[in-house]
Amino acid sequence: MLRWLRGFVLPTAACQDVEPPTRYETLFQKLDRNGDGVVDISELQEGLKSLGIPLGQDAEEKIFTTGDVNKDGKLDFEEFMKYLKDHEKKMKLAFKSLDKNNDGKIEASEIVQSLQILGLTISEQQAELILQSIDADGTMTVDWNEWRDYFLFNPVTDIEEIIRFWKHSTGIDIGDSLTIPDEFTEDEKKSGQWWRQLLAGGVAGAVSRTSTAPLDRLKVMMQVHGSKSAKMNIYGGFQQMVKEGGIRSLWRGNGTNVIKIAPETAVKFWAYEQYKKLLTEEGQKIGTFERFVSGSMAGATAQTFIYPMEVLKTRLAVGKTGQYSGMFDCAKKILKYEGMGAFYKGYVPNLLGIIPYAGIDLAVYELLKSHWLDNFAKDSVNPGVMVLLGCGALSSTCGQLASYPLALVRTRMQAQAMIEKSPQLNMVGLFRRILSKEGLPGLYRGITPNFMKVLPAVGISYVVYENMKQTLGVTQK
């Protein structure tokens, strides 16, 4: 695919007598289809496509954003040459970072090693598939010329940008608090990118949770009251809530759900870093198992810290109109009538739910990632937005399915003091009661609205997350 480009426009080591400006000028003339001395975005798209040059996602727009210095919507030769020179320098650094033994070639084992350092585990077979897409001469190694030719018009500037595609990011918020925290590189920590990404994720979570709050409240109502009447379906549940408290009541408890994002994220991130240090030796990179254990323990720590807010959210969601004037009034009444212990009702099933959720979520995501790399990573390791969102949504849904009975018991334990004549049962007692009176389906009451909110939550949080990253300077506009 790249032989024409290598042999005519970008000569290899055997033809280095041709100066870079001449190379760039020849290529520029090929792209300037109407010969007016400038290249617009449509000429760039058509020209690169006709030359068979591989492009990254939204490559043309990114090239123009970076290269069009005077912002006239066109690239003249000077702008074109400057962009390619600057981009080649960045790609040279990326090439050197992958070439671990400094022999001037990248091998499959070096790709595996480099990706492992950055937190992405792939097999050597998967690395060979990626290598084949870049390797033009069939040697199963990639030299500098092949690397440069492949990435010449791909705005990805370093290997870490490729890894960011495959990060199982918590920027995608579906309203659950059991996910494993994000992994940040040392450069991201030093540059302050980490807190910007966490802030972007927090804002995305707030918008996403607020947008899907009616479905979340319906889920809680079905978990708590569903056993009383088989008639509480989705339509009937919404009708009942609106009749009791009006449209605004659909968002009851959402304020607490949004407020707890900040302390929970902060504690989880801090705890995750501490547990990683305990589980790995200095200088050693964290593996998938250590990440799972550290993430689960960090989640448990964060949940311990903010759990009273989980109880408040449930009480507010289940409460009747006028029962509580707000979060602080609810806390005051619980403390007065039930004591401090009420703020940790349902804590044990909540804690137990972290392991199946986080473990299955991570395992399914890794499985989907491996499947994609094995079967579809022929031209790029960038899977595209839809694949990433689909993998994230599916893995999270599987995690929810496994941990849902524990989540339901937790919610009932949090709310059972509000239900008249309801016995105050512990976790085992509630499981027995539900199974004896409602059967296995009783452990999954409310799961339909819970699944219904996954797709809108993923879509909304992704859009807000990406826009917030641009606003905060994490990514370019």
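The backbone N, Cα and C atoms fix where each Cβ goes, and this holds for glycine too.
Pulled from Swiss-Prot:
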type	residues	note
DOMAIN	61-85	domain 'EF-hand 2'
MOD_RES	Lys320	N6-succinyllysine
MOD_RES	Lys437	N6-succinyllysine
REGION	1-173	region 'Regulatory N-terminal domain'
REPEAT	383-471	repeat 'Solcar 3'
TOPO_DOM	1-197	topological domain 'Mitochondrial intermembrane'
TOPO_DOM	216-252	topological domain 'Mitochondrial matrix'
TOPO_DOM	273-295	topological domain 'Mitochondrial intermembrane'
TOPO_DOM	310-345	topological domain 'Mitochondrial matrix'
TOPO_DOM	366-388	topological domain 'Mitochondrial intermembrane'
TOPO_DOM	407-445	topological domain 'Mitochondrial matrix'
TOPO_DOM	466-477	topological domain 'Mitochondrial intermembrane'
TRANSMEM	198-215	transmembrane segment
TRANSMEM	253-272	transmembrane segment
TRANSMEM	296-309	transmembrane segment
TRANSMEM	346-365	transmembrane segment
TRANSMEM	389-406	transmembrane segment
TRANSMEM	446-465	transmembrane segment
What Cα-Cα separation, expressed in whole Å, is found between Lys320 (N6-succinyllysine) and Lys437 (N6-succinyllysine)?
26
Tell me, by DSSP, whether Lys437 (N6-succinyllysine) is helix, strand or coil?
helix
Cβ pairs under 8 Å only, please: of the recorded stretches 198-215, 253-272, 346-365, 389-406, which one is richest in them relative to the transmembrane segment (296-309)?
253-272
Can you tell me how the residues of the topological domain 'Mitochondrial matrix' (407-445) break down into helix, strand and coil by DSSP?
29 helix, 0 strand, 10 coil
Let me check the 10 A CB neighbour count of Lys320 (N6-succinyllysine). How many other CB atoms are there?
11
Ten-angstrom check, please: count other Cβ atoms within 10 Å of the Cβ of Lys437 (N6-succinyllysine), all chains counted.
9
Would you mind listing the long-range same-chain contacts of the topological domain 'Mitochondrial matrix' (310-345), meaning Cβ under 8 Å and 6+ residues beyond its ends?
177, 216-217, 220-221, 224-225, 244-246, 249, 252-253, 255-257, 259-260, 303, 411, 413-418
Which sequence positions outside the topological domain 'Mitochondrial matrix' (216-252), separated from its termini by at least 6 residues, show Cβ-Cβ distances below 8 Å to it?
175, 209-210, 314, 316-321, 407-408, 411-412, 415, 419, 434, 437-438, 442, 445-450, 452-453
Over the topological domain 'Mitochondrial matrix' (310-345), work out the mean pLDDT and round it to an integer.
94
